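The block underneath contains the structure these notes are about, expressed in C-alpha cells.
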C-alpha cells in the first residue's frame, strides 16, 4: 500500500528519507522533516534506468485514473506550482513505483524516482 504524506507547512508532497540514521518524511519543497514512528517501516532505493528501457508515452489530453491535483510541486518548464500526480509501477514489482507529474499550466509531464 502506498501512502502519500503532505507537508503541514506548505502542502507539498513529502518523501521518505534517512536523516541522521533515522527514517523521516521530508518535504520536497520547504525541507520540513517529520520523524517516522518506529512501528512504521520505510524502505527506499534508487533505481538507475538505462536508455534501452521502455518509455511510457501519454497522449496530451490523457490522464490516468486516480490522478490527483497537488500544489507545491514546481514545473521544470514554467515554474507553475500546481500539477496532477499519479503513481505507476513501471518496473519490477520488487522495485519502487514511479511518480509522474503533469503541469496544470503548460502540460509538461515529468517523473520522479525514489
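Each Cβ is built from the backbone N, Cα and C atoms, and glycine gets one as well.
Keep in mind that what you see is a predicted model, and the values were worked out from it rather than measured.
Sequence annotations record features per position, and here Swiss-Prot assigns region 'N-ZR' to 1-43. Listed by sequence, the residues of this chain that lie at least six past the ends of the region 'N-ZR' (1-43) yet keep a Cβ under 8 A from its Cβ atoms are 70-74, 85, 87, 96-97, 99, 114.
In the three-state DSSP reading, residue 7 (Zn(2+) 1 binding site) counts as coil. Sequence-distant neighbours of residue 7 (Zn(2+) 1 binding site) (same chain, 6+ residues apart, CB-CB distance under 8 A): 13, 14, 27, 29, 30, 32, 72. According to Swiss-Prot, the Zn(2+) 1 binding site annotation covers 7, 10, 27, 30.
In the region 'C-ZR' (63-114), helix, strand and coil residues by DSSP number 0 helix, 21 strand, 31 coil. Feature annotation from Swiss-Prot assigns region 'C-ZR' to 63-114.
Positions annotated as zinc finger by Swiss-Prot: 71-111.
Among the features that Swiss-Prot reports, Zn(2+) 2 binding site is placed at 75, 78, 103, 106. Sequence-distant neighbours of residue 106 (Zn(2+) 2 binding site) (same chain, 6+ residues apart, CB-CB distance under 8 A): 75, 77, 78, 80.
As annotated by Swiss-Prot, active site applies to 94 (among others), with the evidence given as experimental evidence. If you draw a 10 Å sphere around the CB of residue 94 (active site), it holds 6 other CB atoms from the protein chains shown.
Under the heading active site, Swiss-Prot lists 95 (among others).
Ranked by CA distance from residue 10 (Zn(2+) 1 binding site), the recorded positions 94, 95, 103 have 103 at the top as the closest. Secondary structure from DSSP puts residue 27 (Zn(2+) 1 binding site) in a beta strand.
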